[in-house]
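Trainee: Annotations for this protein, taken from TrEMBL, read as follows:
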type	residues	note
DOMAIN	37-96	domain 'RNA-binding S4'
ACT_SITE	D160	active site
REGION	206-228	region 'Disordered'
Amino acid sequence: MSSVEGDPWDDEIAPPGAPIELPELFSLVVDDDAAGQRLDAYLAASISGVSRARIRRAIDGGLATVDGSQQKASHRLSPGDRVEVRVPKSVDAPLPEPIPLDVLYEDDAIAVVNKPAGMVVHPAKGHWAGTLVAALVHRFDQQLSGVGGQVRPGIVHRLDRETSGVIVIAKHDAAHEDLARQFHDRLVQKEYIAIVSGRLDRDADRVDEPIGHHPTHREKMAVRPDHPDSRPAETFFEVMERFPGFALVRARPKTGRTHQIRVHLAHLRCPVLCDKQYGSRSRITLGEMRQVTRQKRLGGDAPDEKVLLTRHALHAHRLSFAHPATGEPMTMEAPLPADMAGVLGMLRSGGQS
């Protein structure tokens, strides 16, 4: 989970369904062959499918940086320069959709929702419909903060698509700003529950390893201690239960980096079960679990082919924060979802059906 404060999203007010601008981030490192090139020419040659005119508008709008500093289109590049540009693309504002919501708490300032696994929080490339935002717009109509613009009304923080659990929604701008401040100042206490593959050596551990973009897979993150792109990341882990080949783990992230818990667990060689990006399997069957645990009677008479889990076993279990209007301490919990509870129950059964 991470605060959205500081994300350069377009905050233009538009009615549902109207075109708005959704920036897409490109991050590049200049090699020797591109030394001396103009910034606009380099970006136009390096980014496919984006016109030079759009790139020039992004640069002129202050959306391009070289080593963290805004530069003009005529800026000449040097080897090793890190270039980042956010190129706006036109998308539609999210339309309301009658998607059921599990609302854990609601008042005039906030709503707390138990997000199901498989739901994207806000519209993004390849995921324009079926989002949490579409469900929120339908449920709460105009009672959502506008700080996140039309793309992310009410959204203060995020969960990965496959992660289930607690997420707090701001109903007005003052609540949004206060909650964003709490996330930024690390005053929000976050607790996740994960089922992991492998064996953690310690019953409790602290991982303090910086996280940056993976060197070859753009959609992934990685522990990269010496890379300038990396940001500090700290997670506390506690083993709640151990099973042959698996463990139930409580995770408390102090920082809020992208994929932080998943990356840190993979770094410990105990990836979240069924993590498609950082683990070795995208699903697990009963037969595979029987093989790993060496318990042939696990699950009773059910066939080996029975699929137990098809998403990463990570759940945002508890969120503690101060109510943005009253200052009252709030702790919200979401029960373990059925898919994870089923796997856990089977592991606990010790081979009983």
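Placement of Cβ uses the backbone N, Cα and C atoms for every residue, glycine included.
Bear in mind that TrEMBL entries carry predicted annotations, made automatically and left uncurated.
Help me picture where these features are in the structure shown.
Mentor: Secondary structure of the domain 'RNA-binding S4' (37-96) per DSSP, as helix, strand and coil residue counts: 17 helix, 18 strand, 25 coil.
DSSP assigns D160 (active site) to coil in the three-state reduction, placing it in neither a helix nor a strand.
Tertiary proximity for the region 'Disordered' (206-228) is limited to same-chain residues at least six positions away from its ends with a CB under 8 Å from its CB atoms, namely 27, 82, 234-237, 257-260, 263-264, 267-268, 277-278.
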Trainee: Residues with Cβ closer than 8 Å to the Cβ of D160 (active site), same chain and 6+ apart in sequence?
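Mentor: Listed in sequence order: H259, R262, H312, L314.
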Trainee: With DSSP helix as H/G/I and strand as E/B, how many residues of the region 'Disordered' (206-228) fall in helix, strand and coil?
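Mentor: Each residue of the region 'Disordered' (206-228) counted once, the result is 0 helix, 9 strand, 14 coil.
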